[in-house]
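*Asks:* The structure under discussion is supplied below as structure tokens; questions concerning it will follow.
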Amino acid sequence: MTNQDPDDGAYPSSQSDDDGIEALAINRQSRPLLAYEDQAAGQSDAFTDRDIPASTAPLTGRRRTPLSWTEVIWVSLTLLLIAVLGYSSQLYVMLPYYEKTPSFSPQALAAVLVPFNLGLLAIYYNYWLCVTTDAGSVPAGWQPEWSALEPVASLAELEHLHLVAEEEPSLELKQAIYRPRYCKTCSAFKPPRSHHCKTCQRCVLRMDHHCPWLANCVGHFNHAHFIRFLFYVDVTCLYHLIMISCRVLDSFNSYTYWREPCARELVWLVVNYALCIPVILLVGIFSLYHFYCLAVNQTTIESWEKDRTATMIRRGRVRKVKYPYDLGLWRNVRQVLGASPLVWCLPGAGARMAGDGLKYPVANGLDSGSQYRWPPKDPSRPHPSRRTWASSSSPFTYPERSNPILDPTLSTRFPHNSSPSSSDSHSSLHLPHPPSLLDPLPHHFDPPHDPDTQPVNCPKRVSVRRGSEGYEVRPHTPWSV
């Protein structure tokens, strides 16, 4: 279950990547200036110098913080489930069956139980790594690569920006500068693929989701352990299901008659079937999804971002953009599980994933700055800093005519030299606020006034009733005598 902050940009309705920071202007030296929403809190000078070097490597190679009592309960339940499935099937099903079946030799028993116990050992070890390994935190003072945030523009576009900046130095040019990802909860920049987890109360590197069964976030430094844990759970549960089914079918008995299980065996067979079948179905489906994410090099949150981006492209809000982290099947798997296929399934192999979690390789044909520009922002979403809020003394949340939800799409416009009380009115389209960048019309657009055209006095429009099929219904009139 994912449990990240809704303000983090992971959900389609989130806006955290736009919160806290936005590009404001280009000065005469053509250097972007950054402004924060928390300047009033005394942080106006924080992280504005582009010459400050990036921070050191992230916090790695350390254990996570101690478990809380609720996390201890989740971990204990998980370990109890593994123990019940793993050991009850051996102690109360397979060993009694071995004792009363002469044809079931010790070599055959060892050939059945040794692989099963190796699978259990791999499950326990990978689960311990998932719980105790820190997913990765953003180092204090980290800053993005500022040169990668500036869009690649042609010479003509650059000359135009210089001319505009010289004429109006304070003109807002947000389209010319990309906003870096910023976490308003942590008051810090966010590296690519990192998100804020409100359960862990921090930004996690390459966050996939927060798993309550692990009592930990699945992130950059424990993602490989999580994939191996799912793999061994699937393989061992399937082996467990085949093993107890062989007992039910009496497959190890070379005699002709079937040896019926006793009452205790029957009870534990039912318990093992009741627990193993739901686990292998639920974890199996969950594993298939994460194996697919591994093949395309995406996280659970990034799959939501890709769906949101596809929706914006389909509606014409943004241009078609390529997902920057899909390197191909071979490179995608190597980036998570390690360089050699011989250690992909080895528990604990590749304890440290490739890279530091702050910067990632991108697909062919893309520049390194594409990872800082993913996911694309929705241009139709109003930025929170551009809203007009009422003063603290006002009892209303929005001042008059500033609520964006109640902004009508149609309004009445009056011609020049006329008052709103005049009976002569013209209806025209009222463009939504703010106007689209592709629309050449201004926000308040009135039709041009022709002085040679005399206004025509038209009577007021009479309200007309219409039936369910759209036909006009005459109003009721009194009976005439």
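In case you wondered, yes, glycine gets a Cβ from its N, Cα and C as well.
Keep in mind the model is a prediction, meaning the values are calculated, not measured.
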*Asks:* Are THR199 and SER245 on one side of the membrane according to Swiss-Prot?
*Replies:* no
*Asks:* Let me spell it out: take the topological domain 'Lumenal' (245-265), skip the flanking residues so only those 6+ beyond its ends count, and list any with a Cβ under 8 Å from a Cβ in it.
*Replies:* 92-94, 96-97, 100-101, 103-104, 108
*Asks:* Within 10 angstroms of the C-beta of CYS211 (active site, S-palmitoyl cysteine intermediate), what count of other C-beta atoms is obtained when all protein chains are considered?
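*Replies:* Result for CYS211 (active site, S-palmitoyl cysteine intermediate): 18 neighbouring Cβ atoms inside 10 Å.
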*Asks:* Specify the secondary structure state of CYS211 (active site, S-palmitoyl cysteine intermediate) as given by DSSP, simplified to three classes.
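*Replies:* The three-state answer is strand.
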*Asks:* For the topological domain 'Cytoplasmic' (1-66), what's the mean pLDDT in this predicted model?
*Replies:* 42
*Asks:* Other than its close neighbours in sequence, what residues sit by the topological domain 'Lumenal' (88-108), given a CB gap under 8 Å and a spacing of at least six beyond its ends?
*Replies:* 116, 240, 243-244, 247, 250, 252-255, 259, 261-262, 264-265, 268-269, 271-272
